[in-house]
Ligand code: PLP
């Protein structure tokens, strides 16, 4: 697309919006400015392409399309069928998956679809068979009651939150923790790495229905072949949530034992993190789970979002181009350069480095909590998020870690040299921030002091760094 076409498209869109509610148009413009000017190191964020963004802003948004391609509960879905089929085809080809379901609205939704597909396959279907009926409405009250109890009494084994797992992998504040009896596997306290023997031991003891692999804050590769063997040894369904590293799978940085798709029965993902698509989710699965997965809507999902499926098709088509593999490799090269730059300056990193797109700094090495470090960095124009570290003494709110990731800066075109400069900025801020005290003199987990002059200086340096790689250079809103 030419420079002019992108500018014209977004300018025209804003003009149309401004005529109705100028404050929304202003906020959209301001968001672009903010994104352009902040050093975004949030590991779960990225910048979607103009084509992906534009594919979402149209009349597909108006269409109801419950059902699946060619089998809808609403008339007039032929164009939705086109984009949903395209998105699914690109997903299958990109990941080498037997089946792709592209309707989930988010990663949480994709996980819910997967959980209920497995429950339907492993618990509900056998109960229907036993009762010799075709569907749940045909069960007697007593059999229905027994089935509901059985559905609500299953087990899940997933990675613990402070080792980098995600809330949706069976933790109590999330619906998954209320649905499943959950146990966690952690990481080796000495190395910070997954100890597969311990996972096997936990699986043998607990006998989960579902073994979950995948993470939000684990900076290393995971051997999915070994996890599948563990799942098989206890008769568990092996599910992987690759929300964070889907881009690295798509870009063939993670292959063989480290590619979850050939090993897992079912894989879930978001489409907006390292995969660089629109906000959304997706489920990939083996053929035997396909029918249950396709029941995601209306089982747990509201009607599909055809405009987002159109954008998924565009983004997945982009990810199938050869330059995406180059992008994925640069994400990892940049994360490793960032880790090395931090280590060289004395930072303490969980597992001592990274194999993927993220780095977890243990900021207790700077005498700070995650909360203090996150705020001090933000004061200095550096956007990160605090995160627990294994066996975190500060809990999930204040934490002792800062998670940083490279997908977004890599999209902007920053490379390893700029990652070293970024490491310098981060280290400077953290080394110059001092933990504060409460009124009674006890150490505060939130208060801190940082010279505002230094914060401003770092923010200016961050802006200068970003100016060398402008975001959406073709878009000029005037
Ligand atoms: N799964 C993992 C591993 C995640 O890291 C996240 C989000 O951070 C999700 C699921 C949830 O994704 P969403 O916010 O799209 O629901």
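Glycine is no exception: its Cβ is also placed from the backbone N, Cα and C atoms.
Just so you know, TrEMBL annotations never went through curation; they're auto-generated.
The domain 'Serine hydroxymethyltransferase-like' annotation in TrEMBL covers 19-120 (among others). Across the domain 'Serine hydroxymethyltransferase-like' (19-120), mean pLDDT in this model comes to 97.
Annotation source TrEMBL lists domain 'Serine hydroxymethyltransferase-like' at 153-426 (among others).
Neighbour density for residue 165 ((6S)-5,6,7,8-tetrahydrofolate binding site): within 10 A of its CB lie 25 other CB atoms from the protein chains shown. Look at TrEMBL and you will find 161, 165, 166, 167 tagged as (6S)-5,6,7,8-tetrahydrofolate binding site.
Residues annotated as site 'Plays an important role in substrate specificity' in TrEMBL: 272. For residue 272 (site 'Plays an important role in substrate specificity'), applying a Cβ distance below 8 Å and a minimum sequence separation of six or more within one chain yields 45, 46, 48, 278, 279, 280.
The N6-(pyridoxal phosphate)lysine feature in TrEMBL is assigned to 273. Neighbour list (residue 273 (N6-(pyridoxal phosphate)lysine), Cβ cut-off 8 Å, at least 6 residues apart, same chain): 43, 44, 45, 46, 243, 244, 246, 247, 407. Secondary structure at residue 273 (N6-(pyridoxal phosphate)lysine), taken from DSSP and collapsed to helix, strand or coil, is coil.
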**OP:** Using the recorded (6S)-5,6,7,8-tetrahydrofolate site (161, 165, 166, 167) as reference, state which further residues of the same chain have their Cβ within 8 Å of the centre of those residues' Cβ atoms, listed in sequence order.
**Re:** 158, 159, 160, 164, 168, 169, 171, 215, 216
Original post:
Under 8 Å Cβ-Cβ from residue 166 ((6S)-5,6,7,8-tetrahydrofolate binding site), six or more apart in the same chain: what's there?
Top reply: 159, 214, 215, 216, 241, 243
Original post:
Using DSSP, would you call residue 165 ((6S)-5,6,7,8-tetrahydrofolate binding site) helix, strand or coil?
Top reply: coil
Original post:
Residues with Cβ closer than 8 Å to the Cβ of residue 167 ((6S)-5,6,7,8-tetrahydrofolate binding site), same chain and 6+ apart in sequence?
Top reply: 161, 173, 174, 176
**OP:** Using a Cβ cut-off of under 6 Å to any atom of ligand 1, determine which of the recorded positions 161, 166, 273 qualify.
**Re:** 166
